[in-house]
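K.L.:
Just lifted these from TrEMBL, have a look:
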type: BINDING; residues: Asn83; note: Mg(2+) binding site
type: TRANSMEM; residues: 6-21; note: transmembrane segment
type: TRANSMEM; residues: 33-50; note: transmembrane segment
type: TRANSMEM; residues: 62-83; note: transmembrane segment
type: TRANSMEM; residues: 90-108; note: transmembrane segment
type: TRANSMEM; residues: 114-133; note: transmembrane segment
Amino acid sequence: AELRLLGLLAGSGAVLILGLVDDVRGLGAGVKLTVQVAAAVTLWSCGWRIESVDLAGLGPGSLGALSLPLTVGWIVFVTNAFNLIDGLDGLACGVALTSTLAMCFILGPEYTFARISAIALAGALLGFLWFNFNPALIFMG
């Protein structure tokens with residue numbers, strides 16, 4: 001559990017620093033992609049993995065060797081998707097809030113920590129959204 005927390009802090013910290021440096025100095029796409037992939041691999045190495053998928057009607061299926069590329073791809077995809085939709089006031093925050101609330105209802109009872117974390121994130125997003133609506137007083141990044 002401690003390794004997972006350290007991995008989460010390291011991976012998200014790397015992306016945070018990347019965003020700050022990019023805002024101040026501007027970075028090329030190659031540098032940003034490299035740091036995002038490295039952060040995603042760090043998360044995967046520390047146990048934050050997509051290891052199986054549950055396809056409707058087929059039941060759960062193990063990803064095996066596809067776990068690493070699918071996990072890294074998903075993390076990089078979602079990171080860049082939010083970056084792209086952040087230009088319209090309230091959009092990125094609204095999408096994050098909607099998906100976070102959906103997670104609260106979709107996750108089973110065995111995911112107590114994830115549900116509590118999602119509820120806390122939803123509260124933070126609501127507070128942020130209040131100031132991010134048009135005309136936005138604050139921006140995601």
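Quick reminder: no glycine exception, Cβ is built from N, Cα and C everywhere.
What's the neighbourhood like for each of these?
P.N.:
Listed in sequence order, there are no same-chain residues at least 6 apart in sequence whose CB falls under 8 Å from the CB of Asn83 (Mg(2+) binding site). DSSP gives Asn83 (Mg(2+) binding site) a helix state.
Within its own chain, the transmembrane segment (90-108) has Cβ neighbours under 8 Å at 82, 114-115, 118-119, 121-122, 125-126, 128-129, 132-134, 136, 140, counting only residues six or more beyond its boundaries.
Panel annotation: around the transmembrane segment (114-133), residues 89-90, 93-94, 96-97, 100-101, 103-104, 107, 139-140 of the same chain, lying at least six beyond its termini, place a Cβ under 8 Å from a Cβ of the stretch.
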